[in-house]
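S.K.: Before we start, here is the structure in question, set down as C-alpha cells.
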Amino acid sequence: MNAPLGGIWLGLPLLLTWLSPEVSSSWWYMRATGDSSRVMCDNVPGLVSRQRQLCHRHPDVMRAIGLGVAEWTAECQYQFRQHRWNCNTLDRDHGLFGRVLLRSSRESAFVYAISSAGVVFAITRACSQGELKSCSCDPKKKGTAKDSKGTFDWGGCSDNIDYGIKFARAFVDAKERKGKDARALMNLHNNRAGRKAVKRFLKQECKCHGVSGSCTLRTCWLAMADFRKTGDYLWRKYNGAIQVVMNQDGTGFTVANKRFKKPTKNDLVYFENSPDYCIRDREAGSPGTAGRVCNLTSRGMDSCEVMCCGRGYDTSRVTRMTKCECKFHWCCAVRCQDCLEALDVHTCKAPKSADWTTPT
C-alpha cells in the first residue's frame, strides 16, 4: 500500500521542477493591440515563431482572435462572479491575469480551456460572416441528407467549426508544443477540452418550406450555440476537474488519487491545489477579497461568511436609479418612472494585520 504513495511523493519534486514559470499565453494580450497586422504581430510579447508566422500570414484571423478575447474573458468573469477569485484581468500584464495562473491550479485549467474555446468560437463566427479570406461556410454541408424527421437539403451557411478548431490548435497550442514540461502537457490537454466543448454544442437548425408552413421541404444548416452554453459546460468541468500527476516516463498523466477515474479528453486536469484567495498575495497573484461585495442572505460562495473568509463585512447605504410604476400603453409600449431606491451594500473587510500585502 505504501509503494504507490511513495512513488507519487518521490516524484513530486521532479514534477514541480517541470512546472514552467513561463506559462501565461501571451496571445491573450492581443485584445489590446491595434489593427496594423505588423505592429500587432511584432509587439505582442512572448509569441513563438510559429505564432508570429500565422499572425503575419492571417492578419484578419488575428483581428477575430483579438476581438474574441473580450468575449471569453467576460464569460470567465461571469462564471467566477460569485467566487473569491473572479477572473480579474490586469491591463498592463501581457499574460492578462498576472501571476495567479503560474500555479497549475484548477483556475488555470479553466482559463486555458475557455480561452481555447473562445478562439474556436471567434474564428468560426468570422468565417460564417465572410470576414476571413481563408475560410467561409462549411463546404462539406451540401446536397441532401437525412435525420430523424426525414430528408432535408443542406442550405444557408453552416458554421465551419472544423476550420476554427484546426486554426485554434495550430495557433494556441504552438507555444506548449515547444515545451516538454508537465505544465505544457496540462495546458495542451485543457486547450483541447475547450475546443471540443464548442463543437459539442453545434446544433442543426432548419427552415420549413411549403404551403402554410407544412414543411414538405426543409433547408438545414449547422450553427454554434451561444457561447454561454460552452461557458456553463466548462464551469461544470471546472467543478469536477481531476487532479493528476505525471506518469513515470513523462508522456502523460495519472490520477493523483487512485479512487478517482482517469480523466477523459473532455475533462479538465490540474496539478496543484488552489490558494484560498482570501488575502492579497503579490507572489501568488491573488488580489484578495477585501472590498468585494458579498451577499448577506446567501449560503453559497458569494455569502459574506465565505467571500470575506470570516473577517466580517462593512455595510453602506447607497441609492440607485431604478424603473418603477411601469404601465402598459396600448399599443405597444411600457412606460416607467425613474425612481431612487435605497439599499444596503455589504463589502468584505480587509485583514486586520498591517502586513497583509506583500511589499513591493
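Using the three backbone atoms N, Cα and C, a Cβ is placed for every residue, glycine included.
Sharing the feature lines straight out of Swiss-Prot:
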type	residues	note
DISULFID	C76-C87	disulfide bond
DISULFID	C127-C135	disulfide bond
DISULFID	C137-C157	disulfide bond
DISULFID	C206-C220	disulfide bond
DISULFID	C208-C215	disulfide bond
DISULFID	C278-C309	disulfide bond
DISULFID	C294-C304	disulfide bond
DISULFID	C308-C348	disulfide bond
DISULFID	C324-C339	disulfide bond
DISULFID	C326-C336	disulfide bond
DISULFID	C331-C332	disulfide bond
CARBOHYD	N295	N-linked glycosylation site
LIPID	S212	O-palmitoleoyl serine
SIGNAL	1-25	signal peptide
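Provide an account of the burial state, proximal residues and distances for the features listed.
M.R.: Proximity of C87 (disulfide bond) to non-local residues of its own chain (separation of 6 or more, Cβ distance below 8 Å) is seen for T73, C76, Q77, Q79, F80, F97, E107, V111, given in sequence order. In the three-state DSSP classification, C87 (disulfide bond) falls within coil.
The Cβ of C127 (disulfide bond) has 24 other Cβ atoms within 10 Å, all protein chains considered.
Taking the Cβ of C157 (disulfide bond) as reference, residues of its chain lying under 8 Å away and at least six apart in sequence are, in sequence order, S128, S136, C137, D138, W221.
Other C-beta atoms found within 10 angstroms of the C-beta of C206 (disulfide bond) number 16, with every protein chain shown included.
C208 (disulfide bond): 13 other CB atoms within 10 A of its CB, across all protein chains.
Under 8 Å, Cβ to Cβ, and six or more positions away along its own chain, C278 (disulfide bond) finds R84, S286, G288, T289, C309, R311. DSSP assigns C278 (disulfide bond) to coil, not to a helix or a strand.
For C304 (disulfide bond), the count of additional Cβ atoms within 10 Å of its Cβ stands at 22 [all protein chains shown].
C308 (disulfide bond) falls within neither a helix nor a strand when secondary structure is assigned with DSSP, and so counts as coil.
Here C339 (disulfide bond) comes close to M321, T322, K323, C324, E325: these same-chain residues lie at least six apart in sequence, with C-beta atoms under 8 angstroms from its C-beta.
If you draw a 10 Å sphere around the CB of C326 (disulfide bond), it holds 9 other CB atoms from the protein chains shown.
Close to C331 (disulfide bond) in the fold, though at least 6 residues off in sequence, lies no residue with a CB less than 8 Å from its CB.
The Cβ of N295 (N-linked glycosylation site) lies under 8 Å from the Cβ of Q82, D302, S303, C304, M307, H346, each of which sits 6+ residues away along the same chain.
Taking Cβ-Cβ distances under 8 Å and a sequence gap of 6 or more within the same chain, S212 (O-palmitoleoyl serine) has no neighbours at all. Reduced to three states, the DSSP call for S212 (O-palmitoleoyl serine) is helix.
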S.K.: At 10 angstroms around each C-beta, which of the disulfide-bonded residues C135, C309, C348 has the fewest other C-beta atoms nearby?
M.R.: C309
S.K.: Would you kindly give the Cα-Cα distance separating C127 (disulfide bond) and C308 (disulfide bond), rounded to the nearest Å?
M.R.: 45
S.K.: Which residues, sitting 6 or more apart from C336 (disulfide bond) on the same chain, put a CB under 8 Å from its CB?
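M.R.: Within the chain, C336 (disulfide bond) has Cβ neighbours under 8 Å at K323, C324, E325, C326, K327.
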S.K.: I need the most crowded of these disulfide-bonded residues: C137, C215, C332. Count other C-beta atoms within 10 angstroms of each C-beta and give me the top one.
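M.R.: Buried the deepest by this measure is C137.
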